[in-house]
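What Swiss-Prot annotates here:
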COILED    107-127  coiled coil
COILED    194-215  coiled coil
MOD_RES   Ala2  N-acetylalanine
MOD_RES   Ser355  phosphoserine
Amino acid sequence: MAAAATMAAAARELVLRAGASDMEEEEGPLGAGSGLQEPLQLGELDITSDEFILDEVDVHIQANLEDELVKEALKTGVDLRHYSKQVELELQQIEQKSIRDYIQESENIASLHNQITACDAVLERMEQMLGAFQSDLSSISCEIRTLQEQSGAMNIRLRNRQAVRGKLGELVDGLVVPSALVTAILEAPVTEPRFLEQLQELDAKAAAVREQEARGTAACADVRGVLDRLRVKAVTKIREFILQKIYSFRKPMTNYQIPQTALLKYRFFYQFLLGNERATAKEVRDEYVETLSKIYLSYYRSYVGRLMKVQYEEVAEKDDLMGVEDTAKKGFFSKPSLRSRNTIFTLGTRGAVISPAELEAPILVPHTAQRGEQRYPFEALFRSQHYALLDNSCREYLFICEFFVVSGPAAHDLFHAVMGRTLSMTLKHLESYLADCYDAIAVFLCIHIVLRFRNIAAKRDVPALDRYWEQVLALLWPRFELILEMNVQSVRSTDPQRLGGLDTRPHYITRRYAEFSSALVSINQTIPNERTLQLLGQLQVEVENFVLRVAAEFSSRKEQLVFLINNYDMMLGVLMERAADDSKEVESFQQLLNARTQEFIEELLSPPFGGLVAFVKEAEALIERGQAERLRGEEARVTQLIRGFGSSWKASVESLSQDVMRSFTNFRNGTSIIQGALTQLIQLYHRFHRVLSQPQLRALPARAELINIHHLMVELKKHKPNF
């Protein structure tokens, strides 16, 4: 309906618009209207607003033109005026039909009205009923709130009564002394479990009574006397028991760890004394400290004394230094040496003492070693002594913390009260021994033993020995540095002319250094220390200078090089057995050995092939400077070199090989030198061939006498030594 009305209105406007256009066309420019059947009544026009009205009409028309029905009408070419009248007629018919339908349904509409009126009455009555019900619910809600308040008050009173009953029950239970407690404290032995249980109960009741007395509870006065008498009885029995255990430590041949373990089962006894009778607790603690302090001191003094009796009889003395010659101590009244001084500087199997298996091995038993006539170096005795000290100190510290209920500084103080005299005695003994000790390897091993024992103590969470380890290291490090300085000075002051006959074989002083340095380097690699590397660096510099001083005593350069190579090779070989390949010492001697080996090869090739070497170098220099024409004047010299090489090279190579094998003690090193010399000879001959291939010497008749280089290589391989 609405769409039809809209369409009708749009049609009317279009008809009016179309009519106006038709009039303009028929009238022409003069406005003649003879073509219209009926004049168009436009009414009075307001020419002042004509443009505004036309704009509105235009907008309205454009809007209606968008309607689908209008579009369809325009598309099919329908006469809009006729279509508008048709639509208007249809609207009138629809209106009349609607009126007839309304008249036919008038009775039903009246009946519906009556029903609505009846429903309104029913709803009004229901509203009244619901209002009454709401009023009743409000009164019930008030009653429920009242009951809730009463219930909450009753719950509060109940909880208060229960809390009071619980507090009173706890108070009464805490104050009442049961007969079982009295019987156990008075009659049961302290070792029975029920005595310990009732002692804990007594301690709890005494604490509860003290707390209630502080609050002013009058009932405490009724049980105070009973508790005091029971406390005195318990303290007396506990004191006698603990002191008896402490006195059992004093019996000869007693393993004091057994009574210590027994005391730990009753550690609550001391806690009871500490909380109820501090004077008795102090007495017990002082007695324990005094007893164990004497026991440890006596045990370690005896053990250290007996342990030193199984040390090697021969130890390093102040004259057993690296730079001291073997004949220095020999004299008419001197005692013959039972072992070589060189063993002082070798590690051998001594390094096993810091291995994990040996480090925590059982301690040495002196009387067993004496019966078996076994002897040990100082570091083994040091390890056994300090492992026993470490083990007992850790056990003692943990016992003190657990039994005497101490920790932190208090535990340290109590530990040093027990072990202080023993530790001081051990330090004095070590200081006395080091004053006359010249065995650097032993001292260095002792340093690493201490470093490892310190780590073990840290893992066991026993910091009480930290200060002792620092004191031991403060004794060992200066002595180690002093011994190294003495060895450095001995090498520095050694006069090669006083060492006897010269020999190109490795010198015993360099062998001592190699063994000594490799020993310290291998030990230091386990726990690196920069101070040790610095000291070894000083010693290495002095040994290198010493080797150069001894080499200078030889008259020929060849002998000097043989001596240097033999010593460098020996030191490098010994170092590589124990030290890492990339260590500073290994790299240094490797460079020295390579440099001297190359120089020796050149010195070795110089007598038989010196002329050839000189010519090749001169010719290559001329060619490089662009003066190759000067080679034409060297034809006679070249001819002599070709014929001389061809006639003597085999004998020269054979002599060279024999000379090398006689000069070097290390066959492998000699082999390497021979191979290097032959390789350099082949390279030299190859360079000689290249020089002769120059245009200036290419027509030389003697070139026909040249030995084929491949033939030379095959022949030289026959001289390669095999070992």
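Every residue, even glycine, has its Cβ placed from backbone N, Cα and C.
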Quick one: give me the count of other CB atoms within 10 A of the CB of Ser355 (phosphoserine).
12
Looking only at the coiled coil (107-127), report the model's average pLDDT.
89
With H, G and I counted as helix, E and B as strand and the rest as coil, say where DSSP puts Ser355 (phosphoserine).
coil
